[in-house]
Amino acid sequence: MKSAIILINLGTPDKPERKYVRTFLKEFLSDRRVVEVPRLLWMLILYLIILPFRSGKAAKAYKQIWFGDISPLKFFSQELAQGVEQKIREQYPQRDITVRLAMTYCNPSIPSVLDELRESGVENFLFLPLYPQYSATTTAACMDIVADYFKKCRDIPQWSWIRNYHDHPAYIQTLAQSVADYWQQNERGEKLLMSFHGIPKRNVDLGDPYQQHCEQTAQNLADALQLNAEQWQVTYQSRLGKAEWLQPYTDKTLEALPARGVKNLDVICPAFAVECLETLEEIDGEGQEIFRHSGGERFQYLPCLNDSELHQDLMLELCKPFLDSLKA
Ligand SMILES: C=CC1=C(C)c2cc3[nH]c(cc4nc(cc5[nH]c(cc1n2)c(C)c5CCC(=O)O)C(CCC(=O)O)=C4C)c(C)c3C=C
Ligand SMILES: [Fe+2]
Ligand SMILES: [Fe+2]
């Protein structure tokens, strides 16, 4: 039986230009899983304020971080998928398994990847969203798209999900190894700031487990690195709009830390599997600037796991129960 593993990431504009950024933002921010503001009010805000003003600004930011003709998010996600497929071919030579990347928004879309795989005879799917911490705004959003796709199908194939892996020992071990490797090659900062993408606080109050997952990842990573309470901190970045999001906010913390005596800082973003606008521009760019202007002296951004061997091995470990369940 032909099987496929589909790595799913958020999505990204096709080009770092206003028109493409607008298309991406429109699709992303129209999803009711992402924004839960009453529809009419949100459509007014989206079409009258966010799309006209944010698209151009974000396009400029994307231009600064673009990798030649591809966005960093798509580049690393694709390389990761290819690396994982190669490893599976080597380690499971008797199995017929394809690994593909799909995006929740824009390209390659989940339906287009599913169409292609089903036409090639795949009958068994494993979906692996590249979000270690579950949130309805990300994980459930891609689950909806997959479920919608199969609504029109009579003979639904076998499918399974890796819903979250925020506390999987292999994930924590991989993160810890990446930090330890970094510290072996670079001077270690006084504090490790773990900055996660934020979500509105209301979502957590209504039952989204995301904050609990982030805090668990952070605590387990700190334990694996044997950090004491003074040596690490969790913050939340990328808030949008006026409502309260998860706190403490990354930008406010970066502004405050130098006055509290932290001048030499390491920052890691464990919610991001691969580099993207929110890590390269918001943290390593803007965040670094905020910290330095506030009196900080040394700011080191620790890269995401990206397409590293460590990350490929982690993906294989997460997929092991699926891979072992397949008949040779
Ligand atoms: C209501 C708004 C948003 C929620 C909720 C949200 C949750 C969320 N997002 C990610 C991961 C990524 N977000 C990225 C970009 C991005 N996110 C939002 C808004 C919300 N995100 C916007 C408007 C944007 C676009 C950029 C900008 O204008 O600031 C990206 C990067 C995409 C890229 O092309 O590089 C990622 C990745 C998570 C993990 C998450 C909740 C857990
Ligand atoms: Fe986001
Ligand atoms: Fe941002």
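Including glycine, each Cβ sits where the backbone N, Cα and C put it.
In sequence order, His197, Gln237, Ser238, Cys269, Phe272 are the residues near Glu278 (Fe(2+) binding site), counting only same-chain partners six or more apart with C-beta under 8 A. Marked as Fe(2+) binding site by TrEMBL: His197, Glu278.
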I want to verify one value. Collapsing DSSP to three states, which class is Glu278 (Fe(2+) binding site)? helix
Around the Cβ of His197 (Fe(2+) binding site), how many other Cβ atoms lie within 10 Å? Please give the count over every shown protein chain. 27
